[in-house]
Structure formats: C-alpha cells, structure tokens
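K.L.:
I have a structure here, written as structure tokens, and I will follow up with some questions on it.
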Amino acid sequence: MYKCALVLAAGQGKRIKSDLPKVLHKVCGKEMVNHVIDTIRKAGIQDANIIIGKGAELVKERTEEKKVTYSLQSEQLGTGHAVQCASEFLKGKKGTVAVFAGDTPLIKESTIKNLFNTHIEAKNAATILTAIVDDPTGYGRIIRSGNEVLKIVEHKDCNEEELKVNEMNSAIYCFDIKLLYESLSKLSNNNEQGEYYLTDVIEILKSAGHNIGAVVTDFEETIGVNSRAQLAQAEEILKDRINLKHMENGVTLIDPKTTYIGIDVEIGKDTIIYPNNIFEGNTIIGERCTIYQNSRIKDSIIKDEVDIQSSVILDSSIGNNTTVGPFAYIRPESKIGEKARIGDFVEIKKSIIGDGTKVSHLTYIGDAEVGKECNFGCGTVVVNYDGKKKYKTIIGNHSFIGCNTNLVSPVQVGDNTYIAAGSTITSEVQEGDLAVARAKQRNIKGWVDKKGLKK
C-alpha cells in the first residue's frame, strides 16, 4: 500500500520569540523538522511533503537534502487550512497519509510504524496518535463513547465535561488519502479561533459512518516545542536517549548528565568519555579512545586508541594511537597521522601532520605538510600569511625544528634536516642540512656598571 506524509512547518512560533522559523531550532544538533523527516524515512515512508509558510525559503534551504516536496501556506489559518494547501500533493493518490507537526522531534520510528499498521489493519478512515496526561491543559481532547472515538475538541472549545478528559491529541494522524481529500472542502472556521481545524475532519468522517481509531503512546514522544523551555525539555529527553544508546553499545560515559552527544555521532566500544564533553555533527570516534574532560569535537574522525584532553577539534581527522592536548586547537581540514603527539597550546590549521610527529607545546602550524617522525620545539611558528595571501610550507620526514623557530612561508624543509633554535627560515633547507638563521651573540663587557644599573 502507498504511504506518504505531510509535515506541518508553516508557523513562525510566536512563543519561542525568534526570527528563525520554529521548526529550524535544533535539538541535539539537528533541526526539529529534519528530526521528523528522518524518523519518517526510517519508518519506511519515502514520499513526504512539507507545508511551509513563515521563512519558507530558509526552511527549504535547510531541508533540501531530504528530497521532499513543498506546499506553501501563505496565510496561517489553522492546521486544516495547512493540509488544504497540500491538496495538489494529495490529489489522485490512493493509500495512507500520515500528518505530523514539524515541531515534534521526539517521535519514534517504532511508534510511526505502529500507527500505520494499526490504521491499515483496522481499515480506519483516520487513526489518531494520543497520550494520557495528568494535566492536558492546552491540548485538544479525545472524546469517546466507551472505546469508540467520536471527535477531537480543541481546549478553547471544550465544555466543562470535556475539560476533564485527560486523553490528549498529539496532532499526529493517519488518514485514508481519498477520504481526507474529500473532507477538506467541508471544513469550517466557525470556532473561537476562527481557524480551520484538521481535528474537525475526524468528526466529519465519523458523521459519514467511517471508522476512527486511536493509538496511545507515551506523552514524551508527542511533546511539541512551542517555547524555549520546551526546547530545553526536548533536548534533555533526546540527549538521555542518545547517551543510553551509546552506553548500551559499549561506551563508558563517566557522567551522562554532563555529556553532550549529537544525534548523528558514532562512538566505538570501550571508549571512555569523561564529563563536560561535546560531540557534534557527523563525528566518528573509534574504539578504546579516552576523551578527558572539556573537549569539543565536531564533524571529525577520531580513529582507535586516541587520547584527547581539553581540546577543540573541528572538521579534521586524528590517526590511531595519537594524543591531543591539553588545550590544543585542531582547526578545519587538518589531518593528524598515527602515533602523533599534539600537545598543550598547539594550533593546527589546514595542515597534514605525519605519523609519529611530535608537536608538543606552544606551536602554530598553518597551511603546511609535515612528514613523519618530525619534532617541533616549543614556540615554533609557521608564518603563513603576508596580510593578503596564505602560503604553504612543506617539511620532510625526520626533521627537527628547534625552539622559537619561524618558518616564513612559502618554504620547503627537506628530510632529515635540523633547524637551530631561534632561527627565522626564509629559504629552502635541503636534505641532511643544519640551518642556522640568527644573529651571532655579542657580549659587551662591563655594560651594567657603565649604565649604573648594578644593584
């Protein structure tokens, strides 16, 4: 049977108080609307249409990789009106359509599958995803007669008895496409809000003698984000889910409450994560690594048995058995080899560092290719920028760079070379050479007495 989905993403979200469309606010590193789309796809629904409105072009830009189609709701006149705006998407289709809110990032793949299966097996015209809550204030109520679903009543339109109902509408549904399409023209805005409610389709279908079903799920999954407080709540719930998944897969989190792992991050077994670490984007961390406290790693590949202390690594790769930090900064497009050492207060930018090379402290390397088993003394600087353009430095294998050396790019240093401490290198150093580029020391005898500075 054909299955498709509509995602309602047209609202600005006034309560969240932001210039950014509400559905583009991120939870665990991913836009809420993209959480919904990705979960839909995992549940086996490939054909999805996003109803856009406020910030339409930005929403399209942030979702274009998802290969979805779009319908425009130029004026926000309710959820029913939003689905009416997708009429062209629905027209002529047969099968089942699910309707989701773009601000519900916690919905699970298993719940979506269960909703579809229940709907199809029961041959319902509509199936509502619901939850039981202690305080349903603000939510639409599921009105039943026994187990039979009669209708959904929005909170502001509830009478005294309906307000006592604690089964709430999640705003996630399955519909028979043909019956939904036919019902959209029958919607009315004769209500307190003056809006067209999608929930009224339930009563329209029921009045026509069609079956209406419901699937009850955990309230946590149905949380819609309408404020910064709810955004933080969703973040906390999803963070706990992610951390639990990694621990179940063999990763040790010393303090899960202070460990932030983005939803797309991968971590190998027997890796140990200390408190106050942040892993973002498409980061992959290998097996048997140790990440000590206060590190941030984003969009990077960390191979096996790597130790990292209090460092920042962005869009880079770190080879097996390498140590990084404390207080190192690995900037984008850097590649650190195996068994290397990047020490304290070292900055690497857009550079390749060979296997076994040691850059132990207080060094800047930018736009450089460094060979294997080199050693950098404290205070080395690759001078790669002349104020207009950045230049490249190439350093061969087994080179020794003395302390306080300036390598003025563009420059090439051959294999098995030595550079004396305090040198400023401006021209090529050939293989096997020692380069000394500093002023000769001169001692002026009796200078302190002559100047009257002796104490």
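Every residue, even glycine, has its Cβ placed from backbone N, Cα and C.
For reference, Swiss-Prot lists these features for the protein:
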- 1-228: region 'Pyrophosphorylase' (REGION)
- 8-11, Lys22, Gln73, 78-79, Gly140, Glu154, Asn169, Asn226, Arg331, Lys349, Tyr364, Asn375: UDP-N-acetyl-alpha-D-glucosamine binding site (BINDING)
- Asp103, Asn226: Mg(2+) binding site (BINDING)
- 229-249: region 'Linker' (REGION)
- 250-455: region 'N-acetyltransferase' (REGION)
- His361: active site, proton acceptor (ACT_SITE)
- Asn384, Tyr385, Ala421, Arg438: acetyl-CoA binding site (BINDING)
K.L.:
Does DSSP put Lys22 (UDP-N-acetyl-alpha-D-glucosamine binding site) in a helix, in a strand, or in coil?
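P.N.:
Lys22 (UDP-N-acetyl-alpha-D-glucosamine binding site) sits in a helix per DSSP.
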K.L.:
Looking only at Asn384, Tyr385, Ala421, Arg438, which the record lists for acetyl-CoA, tell me the maximum pairwise CA distance in angstrom.
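P.N.:
Value for the max Cα separation, rounded to a whole number: 22 Å.
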K.L.:
In the structure shown, which of the binding-site residues Leu8, Ala10, Ala421 has the fewest Cβ neighbours within 10 Å?
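P.N.:
Among the binding-site residues Leu8, Ala10, Ala421, the sparsest Cβ neighbourhood within 10 Å belongs to Ala421.
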K.L.:
Secondary structure at Asn226 (Mg(2+) binding site) (DSSP, helix/strand/coil)?
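P.N.:
Note: Asn226 (Mg(2+) binding site) is coil by DSSP, not helix or strand.
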K.L.:
Quick check: of the recorded positions listed here (Gly78, Gly140, Asn169, Arg331, His361), which one has the Cα closest to that of Tyr385 (acetyl-CoA binding site)?
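P.N.:
Spatially nearest to Tyr385 (acetyl-CoA binding site) by Cα position is Arg331.
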K.L.:
Show me the subset of Ala10, Gly78, Gly140, Asn169 whose Cα is within 10 Å of His361 (active site, proton acceptor); these are the binding-site residues I mean.
P.N.:
none
K.L.:
Using a 10 Å cut-off, grab the number of neighbouring Cβ atoms around the Cβ of Tyr385 (acetyl-CoA binding site), all chains included.
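P.N.:
The Cβ of Tyr385 (acetyl-CoA binding site) has 12 Cβ neighbours within 10 Å.
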K.L.:
For the region 'Linker' (229-249), what's the model's average pLDDT?
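P.N.:
Summarising the region 'Linker' (229-249) by its mean pLDDT gives 98.
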K.L.:
Of the binding-site residues Leu8, Ala10, Gly78, Asp103, Arg331, which one sits closest to Asn384 (acetyl-CoA binding site) when you measure Cα to Cα?
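P.N.:
Closest by Cα distance to Asn384 (acetyl-CoA binding site) among the binding-site residues Leu8, Ala10, Gly78, Asp103, Arg331: Arg331.
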K.L.:
Quick one: pull the CA-CA distance for Asp103 (Mg(2+) binding site) versus Arg331 (UDP-N-acetyl-alpha-D-glucosamine binding site), whole Å only.
P.N.:
33
K.L.:
Within 10 Å of Lys22 (UDP-N-acetyl-alpha-D-glucosamine binding site) (Cα-Cα), which of the binding-site residues Asn226, Ala421, Arg438?
P.N.:
Asn226
K.L.:
With a 10 Å radius around each C-beta, find which of these recorded positions (Lys22, His361) has the fewest other C-beta atoms nearby.
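P.N.:
Counting other Cβ atoms within 10 Å of each of the recorded positions Lys22, His361, the minimum falls on His361.
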K.L.:
Report the same-chain neighbours of Asn226 (Mg(2+) binding site): residues 6+ apart in sequence with Cβ closer than 8 Å to its Cβ, ordered by sequence.
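P.N.:
In sequence order, Gly13, Arg15, Ile16, Lys22, Asp103 meet the Cβ cut-off.
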K.L.:
With Cβ-Cβ distance below 8 Å and at least 6 positions apart along the chain, what are the contacts of Gly140 (UDP-N-acetyl-alpha-D-glucosamine binding site)? List them in sequence order.
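P.N.:
In sequence order, Ile152, Val153, Glu154, His155, Met168, Asn169, Ala171, Thr199 meet the Cβ cut-off.
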K.L.:
List the same-chain residues at least 6 positions away in sequence whose Cβ sits under 8 Å from the Cβ of Tyr364 (UDP-N-acetyl-alpha-D-glucosamine binding site), in sequence order, or say none.
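P.N.:
Non-local contacts for Tyr364 (UDP-N-acetyl-alpha-D-glucosamine binding site): Val346, Glu347, Lys349, Thr380, Val381, Val382.
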